[in-house]
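Colleague: Starting off with a structure, shown below.
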Amino acid sequence: MLEFLRKLIPWVLAGMLFGLGWHLGSDSMDAKWKQEVHNEYVKRVEATASTQRAINEISAKYQEDLAALEGSTDRIISDLRQDNKRLRVRVKPTGTSEGQCGFEPDDRAELDDRDAKRILSVTQKGDAWIRALQDTIRELQRKQEIK
């Protein structure tokens, strides 16, 4: 029995050393992978925060553009008047002449100031919205290219 124990002790020690090495190696690899996953997570969070900051800047610029549009429609209309230009729309003629008189009606009417301001305001707001949307799309595409 003593002889058996003498032969068994080196194998038990070797098994214990192997198990200890395995345990230390697996802890080391776990720590390495956890660190790598954490670094990837931090990169994604920073990229998301960066993109959100850029989108917030675009949104703030869009709000500033909308606030700046308030007086610009009046300025555009007054500039058109100074140049002796009018905003007109086509209208359906009320009637036609029976003969060949050679006269063709203009079929246009000048827009009321309120309607002109409203139309200009809508178009300018639409342009500002489209610019903000395009900036947002560019920023999101830039984020995808970084990945």
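One is the number of the first residue shown, and numbering goes on along the chain from there.
Cβ coordinates are placed from backbone N, Cα and C, and glycine is handled just like the others.
Sharing the features that Swiss-Prot gives for it:
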TOPO_DOM  1-7  topological domain 'Cytoplasmic'
TOPO_DOM  25-143  topological domain 'Periplasmic'
TRANSMEM  8-24  transmembrane segment
Colleague: Count the residues of the topological domain 'Cytoplasmic' (1-7) that DSSP assigns to helix (H, G, I), to strand (E, B) and to coil, and report the three numbers in that order.
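Modeller: Once the DSSP states are binned, the topological domain 'Cytoplasmic' (1-7) shows 6 helix, 0 strand, 1 coil.
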Colleague: The topological domain 'Cytoplasmic' (1-7): which same-chain residues, six or more beyond its ends, come within Cβ distance under 8 Å?
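Modeller: Same-chain residues near the topological domain 'Cytoplasmic' (1-7) but 6 or more away: none.
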